[in-house]
Amino acid sequence: MKCLLVFGLIVAVFGAFVGYGYLLFTDFTRPLPKPEFNDNTYWGTGDGDNYIADEEIYEFKLQVPSEDIEDLRKQLNRTLRLTEPLDGIAFEYGFNTYALQQFADYWRDKYLTVWDEREEYLNSLKQFTTEIQGLNIHFIHEHAKEEAKARKHVYPLLLLHGWPGSVREFYDFIPMLGKDQNVSDYAFDVVAPSLVGFGFSDAATRPGFNAAEMATVMRNLMLRLGYKEFFVQGGDWGSIIGSNLATLYPENVLGYHSNMCVLHTPLAFLKGIYASYFPEKVLPSRFFIDHHFPLWEKYEGLLKESGYFHIQATKPDTIGAALTSSPVALATYILEKFQTCAGPGLAQDFGAITTVYGLEAVLDNLMIYYLSNSATTAARFYAENVSKEYRALQLDRVQSPVPMGCARFRNDLPAAFDWQLRDKFPNLKHSMYFQQGGHFAAMEMPSMLYNDFTTFVRKLALHGETF
């Protein structure tokens, strides 16, 4: 009898632990309801009590005073006190100072001497500003060409960039989207904003402006322009913002396409561990295993390359002060990310930036940060998105009914696989792997991104297409 009592007690305790474990598991993995969210928070100067929005839309044209360019040239002409790289080291310790000196020389002696041409190019796409929630928002707005309107289905598209990018990433991509292309039955009216605190858009004046707030401003910009329903495409922060927008305002999003499909939930983590042992059970082909695995090797790579994230998420004003005080410091910091994102085969190559992106394109992007003095305000966005307030929203665990498409480029950050993504986007319509390309897909291979995005749109069968 005593043995039976002990056995019964053991079974009861074990059952209690199993039951409690099950409750914990379901609590940490179940989808959450969409949170209540204020879609009109004021982010401008002052308290906004008597705020009346200026709803006018103004043309924007970049016009940099010649004295500002001359001042930059003088700064770049100063002797750089750089430390020589270690013997046999290329970019393993950061951006190589031999390469940096050459870059600074080219910036000063070649690029700035034709600044009028670069300024004209940056103005080649139609740009505007308007006030949203107390902030002056800069954006590109290019309508589909007339010949495309006559022959294609035309829809609005919101393009979202990230850091350390800008709207300059889209200068080759945007014209493709509005042309009468034979490869697609669709064309797009494209809106590509400078994110709040980036480029020529205002920055928030108080803490709390996270990705959900950014998504709200971007959605309200589209409504201001008369677009009640639209597509969203983004990478880097643009991917996070796009996901938040599709989650909080699904009624406005026709479809969401990402070239950085990430998902950070307890269930996604557990699925990742399982898949690392049985990848053939969750991936469409063994040829894509190295996009996701070995899992711990991917995490090690992220840790190695995320030093910038840690400082920007904790002390953005410290790094911002250093970057805004010196154009060479700003160049070093941003160039290092482009160098790394060129991919493992080119990360130590002195010609990687020229080969993958083009020197002028990277310099244009750098000039946007320099001229707008936005290094600090852009860095602050990291701090806002690791805040307790934003994490409490747990938007990755809130399902969105919006149709979703995912493009995974080989040299980008490790993406979520379909089994994970469907926890967040059960209406996953399109999933693609590319064995080349990297983080700045719109800049690096715009044609490939265009084809993937339009394929996704076609799969939605908005006009009865079969695929």
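For all residues, glycine too, the Cβ spot is worked out from N, Cα and C.
Per TrEMBL, active site, nucleophile is recorded for Asp236. Listed in sequence order, the residues of the same chain lying 6 or more apart from Asp236 (active site, nucleophile) and placing their CB within less than 8 Å of its CB are His161, Gly162, Trp163, Gly165, Met260, His439.
Tyr382 (active site, proton donor) counts 19 other C-beta atoms within 10 Å of its own C-beta, drawing on all protein chains shown. The active site, proton donor feature in TrEMBL is assigned to Tyr382.
If you look up TrEMBL, you'll see His439 marked as active site, proton acceptor. The number of other Cβ atoms within 10 Å of the Cβ belonging to His439 (active site, proton acceptor), over all protein chains shown, comes to 22.
Annotated domain 'Epoxide hydrolase N-terminal' per TrEMBL: 58-170, in sequence order.
Taken as a whole, the domain 'Epoxide hydrolase N-terminal' (58-170) shows an average pLDDT of 97 in this prediction. Taken through DSSP, the domain 'Epoxide hydrolase N-terminal' (58-170) splits into 48 helix, 24 strand, 41 coil.
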